[in-house]
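Q: After the structure tokens below, expect a handful of questions from me.
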Amino acid sequence: MADKQLDVKPAEKRAVEAYSKRRVALREEYIKQITNPHRHGTGEGGILFDSGIQRFMSMRATEYDHFKATPKTSLYGLGFVVIPIIAYGYMLKSSRDAQEHKYRTGQVAYKDRRFKFV
Amino acid sequence: MLLARESVFRSSYFSEFFLFMVLFLMIILFCSFGSVDLFSFYLFFEGRLVPTLFLILGWGYQPERLQAGIYLILYTLFASLPLLVGVIGVYNSSGLLCFFFLSDPCLSRVFFYFCMVFAFLVRIPLFLVHLWLPKAHVEAPISGSMILAGVLLKLGGYGLIRVMVFLVNFSFNLNFFWISISLLGGFLVRLVCLRQTDLKSLVAYSSVAHIGIVVCGIMTVNYWGFCGSYVLMIAHGLCSSGLFCLVNIVYERTGSRSLLVNRGLMCLIPRMSIWWFLLRSCNMAAPPSLNLLGEVVLFRSLVSWSWLTILMLGGLSFFGAAYTLYIYSYSQHGSFYSGIYSCSIFYVREFLLVFLHWFPLNLLILFRDVVSFWL
């Protein structure tokens, strides 16, 4: 019944069958490797090697080696790191100086200070 | 450290030399924390680099440890040379180097302020000069990571507390810059933690994030700031070291530090999940941990210094909890990786190791006044 699907083009059907055949082969190889009693018997642990995971981990570990300083990346660095630090520092300094000026010129009584203890 | 790296003794991989390096490092650290004058502190501050480098290069896992060692040495030495200039400047100004007598401001130039402070900020590490830390932590063996996170970073904080006493006249005008870098840097590093897939790298970045608040507390030059920094340094030393132990326990079983592989661990090693939970909850300053005490005291110190710090502190707390919960949930919950081979569940040695990290972390908060108000 399944091989008499009339709404599937022959090329599509061939592609699905090839994919399924490869998947079954890989699955059998995986089951064969993961149920290896000698490997389980030693108790050494470890994982079954997966090239996809290894490639991903290597990619994440070597990200900086492939980093290129371009105007776009430089703008990212400036916009998210340098300028916010400078702006926030300026705001902290201004607020702190204004607060200290009020305390030192007697505009705020000692008893009215928000934080009295150091 | 010796409990964690039992495999060196089991495989007899230069175990006597390893033991010598660990003990040598311990003695140097004792001497550096116990020194009473600036020059001997500087001597031991630099001296701890040699055994640390030996530990990373000799017993690290990957070839990238060479680059990590170079980063560690160059960053620290480059920043420490001005510290020597500062020490000589202090001696020229005041004629002595003993900490007990250096209570009054004695340096007249801003140049000396930067010389004295920069070395400790690189050591601690401050954001923007923190790049050596994830490399060194990831490439170091578990003993190296534990001593780096637990003690060596705190040398920077200890040094800052010591020198801030006689740098007060510059501190009041210039410390806002370091506070701004630390707060924003802590926020950005917490965002970086959310996208990490390497467990050790994640714990290393979380160290940078926590130490940012410690730096802020010291830079406010408040009594509460100093006390909070002191408490948080102790708490972070225990928590971060414990987390590295847990990561190593998992690494010894799966052979991988990747979060894609080390997931669903509650199904595999359920008795370890409780330690993951306890140490992770301490990491995000959940009660009743020492981190909570340190962070509460530091938040109060920072908010009293300037109300604008609330903006960043809220973001820091939120994203700190976010990445901690993300990591705990991803590593413990859900289905486990299908490609894991059989391994042992847990050794008593590992249980003891993690217990000894957690016990003071959650119990010392009951002795709050003894722990926090030492200074």
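Using the three backbone atoms N, Cα and C, a Cβ is placed for every residue, glycine included.
All annotation found in TrEMBL is predicted automatically rather than curated by experts.
According to TrEMBL, the protein carries these features:
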DOMAIN    B:35-317  domain 'NADH:quinone oxidoreductase/Mrp antiporter transmembrane'
TRANSMEM  B:12-35  transmembrane segment
TRANSMEM  B:41-61  transmembrane segment
TRANSMEM  B:68-91  transmembrane segment
TRANSMEM  B:111-133  transmembrane segment
TRANSMEM  B:145-170  transmembrane segment
TRANSMEM  B:176-193  transmembrane segment
TRANSMEM  B:202-224  transmembrane segment
TRANSMEM  B:230-251  transmembrane segment
TRANSMEM  B:305-328  transmembrane segment
TRANSMEM  B:340-359  transmembrane segment
Q: What residues in the same chain, six or more past the boundaries of the transmembrane segment (B:12-35), come closer than 8 Å to it by Cβ-Cβ distance?
A: 1-2, 5, 41, 43-45, 47-48, 51-52, 54-55, 58-59, 143, 147, 151-152, 155, 158
Q: Do the transmembrane segment (B:111-133) and the transmembrane segment (B:230-251) share at least 3 Cβ pairs under 8 Å, sequence separation 6 or more?
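A: No, since the transmembrane segment (B:111-133) and the transmembrane segment (B:230-251) share fewer than 3 Cβ pairs closer than 8 Å, they do not count as touching.
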Q: Do we see three or more Cβ pairs under 8 Å linking the transmembrane segment (B:202-224) and the transmembrane segment (B:145-170), pairs being at least 6 apart in sequence?
A: yes
Q: Take a look at B:145-170, B:230-251, B:305-328, B:340-359 and tell me which one has the most Cβ pairs under 8 Å to the transmembrane segment (B:176-193).
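A: Between the candidates B:145-170, B:230-251, B:305-328, B:340-359, the best contact partner of the transmembrane segment (B:176-193) is B:305-328.
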Q: Do the transmembrane segment (B:230-251) and the transmembrane segment (B:145-170) come close, with at least three CB pairs under 8 A (pairs 6 or more apart in sequence)?
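A: Contact between the transmembrane segment (B:230-251) and the transmembrane segment (B:145-170): present.
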Q: Mind checking which residues reach the transmembrane segment (B:145-170)? Cβ under 8 Å, same chain, six or more beyond either end.
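A: Contacts of the transmembrane segment (B:145-170) (Cβ under 8 Å, skipping residues fewer than 6 from its ends): 1, 4, 22, 25, 29, 32-33, 38, 41, 45, 48, 52, 55, 90, 99, 102-107, 110, 113, 116-117, 119-125, 133, 136-137, 200, 203-204, 207, 211, 214-215, 218-219, 221, 226, 229-230, 233-234, 236-238, 240-241, 244-245, 248, 375.
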